[in-house]
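Novice: Below: one structure in structure tokens.
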């Protein structure tokens, strides 16, 4: 959430940022609403101040035996008591309206973010590795998995409907191996602390990271009002909600390997075959909590940590700087890692790493104190996939496919595969 004080002082900057995202100007509307709220706050404060002053004056009048003045003041206090509830309700209503309006406004992109409309305007930051060179024809992951006999979409549909997958045998083990490899890498070498956290959260947590209220249709909601997490970003970031941290203990770096749940409400007709776009999928999430001065450098570090996963798996990928029209709601800058999928003859997103500044922290009221600071400051938050496990499995299947239809296990995963070096067709 943006700072209304900043908006009051920089209305043109807000509208310019919204224009970069393809949104209509809102500064004038927000400032007008804030002026009404501030006027209501002042009215309430004036009434309270006058009530307190009049109450003291009653005592003084009675001490002076001025009964007429005392009765007049009592009548004034009684009138204020009748007026005050309506004034307080108006203040609460206008404050809630302002918070709701602010909560629907996206973050302000950094100046170095390319301006564009959609994914076609994203910029290549770097390319790592090369496309595999084969004599055989590439195949898509679902063709490979079904031919091997370990990827079952029919039974998944019988159990749960569309956009679910059942993996069995060595493919189930490969999925588990990928997740374990990612967690081990990030905790042992990258300095992240592993967290096991709930998969269901309160609305306040989803609001804190920015999915509510604007993107509720993308979420799964339980009958008691909780939400299934769309990503462990929600739980990991909200660990510091409503806390004041010591600056010297920052940054905090958290990681978790969890299922993620998404309705894919806006994805009708997209990636309907296979397991590229699922309602439920495993993902290794990275979250950093920093001070205001360190977040940009931390963003580069986090992205490098995610890239290392793909490098060690020997996968060809590119890192993209997302344009203003393609970046997420809460982000100030985002790098997407896109892995090469030979079966699709295309790069596809496998990780997204974003720096959010204090946007989420304001929603969560998460702050830190410095040694010499009189006032607490909002933390900066970052999140990234390190990486999506299912999409990584897809990449391994398509890039390590052999001519006979078997799939070679990448060397870095061998310690997790119980002696298996190749996945071959089920007998």
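Positions of Cβ are set from backbone N, Cα and C atoms, glycine also.
Okay, these came from Swiss-Prot:
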type	residues	note
BINDING	231, 232, 233, 285, 385	L-serine binding site
BINDING	262, 263, 264, 349, 350, 351, 352	ATP binding site
Novice: When neighbour density is defined as the number of other C-beta atoms within 10 angstroms of a residue's C-beta, which of the binding-site residues 231, 263, 385 has the lowest density?
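Specialist: Each of the binding-site residues 231, 263, 385 was scored by Cβ atoms within 10 Å; lowest is 263.
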Novice: Helix, strand or coil: which one is residue 285 (L-serine binding site) in, per DSSP?
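Specialist: Looking at the DSSP assignment, residue 285 (L-serine binding site) belongs to a strand.
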Novice: In whole Å, how far is residue 232 (L-serine binding site) from residue 351 (ATP binding site) when you measure between their Cα atoms?
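Specialist: Pair distance, Cα basis, whole Å: 13 Å.
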Novice: What's the CA-CA gap between residue 350 (ATP binding site) and residue 232 (L-serine binding site) in angstrom, rounded?
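Specialist: It is 16 Å, counting Cα to Cα.
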Novice: Among the binding-site residues 349, 351, 352, point out the residue whose Cβ has the most other Cβ atoms within 10 Å, with all shown protein chains included in the count.
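Specialist: Answer returned by the neighbour count: 351.
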Novice: Quick one: Cα separation, residue 285 (L-serine binding site) versus residue 352 (ATP binding site), in Å?
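Specialist: Cα of residue 285 (L-serine binding site) to Cα of residue 352 (ATP binding site) measures 10 Å after rounding.
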Novice: Inside 8 A of the center formed by the CB atoms of 231, 232, 233, 285, 385, which other residues of the chain have their CB, for the recorded L-serine site?
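Specialist: Here the non-site neighbours turn out to be 234, 236, 256, 258, 260, 283, 284, 286, 287, 383, 384.
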